[in-house]
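Novice: Okay, these came from TrEMBL:
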- 1-16: signal peptide (SIGNAL)
- 6-99: domain 'Fibronectin type-III' (DOMAIN)
- 113-200: domain 'Interferon/interleukin receptor' (DOMAIN)
- 212-233: transmembrane segment (TRANSMEM)
Amino acid sequence: MLLGVLCILVVPRVFSEAPPAPPQDIQVDNWLLRWSPDPDDGDVTYTAQYSSFDSCVWTDVPYCVHISLNSCNVSSIKARSEYGCVMLRVQAERHGQNSPSVQACSKHGHLCTPDFSLTASPGSLTVHLSRNTTFLREHADHAKYRVYYGKKGEALQDYKDGPASVTIDELQEGQRYCTRVQYLYFKQTEGLPTCTQCELIPESDSRRTVTIVSLVLVGVLLLVFPVIAYFFLFQRERFKRWLQPRYTFREHLFEPIPEPFLPIHSSTEEHYDVITSMSPVELRE
Ligand SMILES: *[C@@H]1O[C@H](CO)[C@@H](O)[C@H](O)[C@H]1NC(C)=O
Ligand SMILES: *[C@@H]1O[C@H](CO)[C@@H](O)[C@H](O)[C@H]1NC(C)=O
């Protein structure tokens, strides 16, 4: 009986062990590959893989297989990258279960990775890209840039292609947008993408004024409303007393009006209608 309960509790745990979380923030900087491990995951090892130019085959990077560190020197593939761009990815492994692979990004521009800077203005973001780089010169008219963009925290799914600097319009002001750039050869992305850079889209002056005015109004309402509500709910009686007119009876109002000011009606000047018939009150109602 007890054994049965234990089996029910333990067996599914062993068989349904989830694969480890994939590594995060995988960056290459001067042939040193680094990533952030999941701090809650013990017993996890990492493997880095590379894929050469025009090949979909992923090969393990020598000395970077099943390591428990969170960085690896990948300079052993430097020679291979001289014949074309290489891509890099890392996956986590625990007890034979693999996490999905995550692609690395390049922290600095490289032969196969663009270098870019961002300028934000109200409603738009400009990605500054050079027209004169080794990659573009070597691939002549067939090479371009692909700029991925999206709101911070969302997947960068939208993109815009261009031979040089690209401006992305119609962005929401006051929001933070992120971009990532990769070279494009014919219709295929090439080499490592840049690491993501984010920028706050500033608000235009008129919009800022509207925002400030609305905030002030909301603030005033928030301050005034509880005061009114307090008086209405708890001080209603006192409020009524305050609102009652205070009569001050002055002596002279009750003095008799002197004779000469009394209106004098002369019956000759006034016209009266002659009542011809009268009906009882109940009938008129
Ligand atoms: C990576 O390894 C190469 C050759 O083994 C060495 O020259 C280089 O300094 C190493 N880089 C780092 C960052 O350790
Ligand atoms: C492009 O860059 C190369 C090397 O950086 C330089 O020699 C060349 O003059 C540049 N060409 C133009 C048109 O700016």
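Note: Cβ is positioned from N, Cα and C throughout, glycine not excepted.
Keep in mind that TrEMBL annotations are predicted by a computer and have not been checked by a curator.
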Novice: Using DSSP, how many residues of the domain 'Interferon/interleukin receptor' (113-200) fall into helix, strand and coil, respectively?
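Specialist: Each residue of the domain 'Interferon/interleukin receptor' (113-200) counted once, the result is 9 helix, 46 strand, 33 coil.
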Novice: What counts of helix, strand and coil residues does DSSP assign across the domain 'Fibronectin type-III' (6-99)?
Specialist: 17 helix, 34 strand, 43 coil
Novice: Please compute the mean pLDDT of the model over the domain 'Interferon/interleukin receptor' (113-200).
Specialist: 93
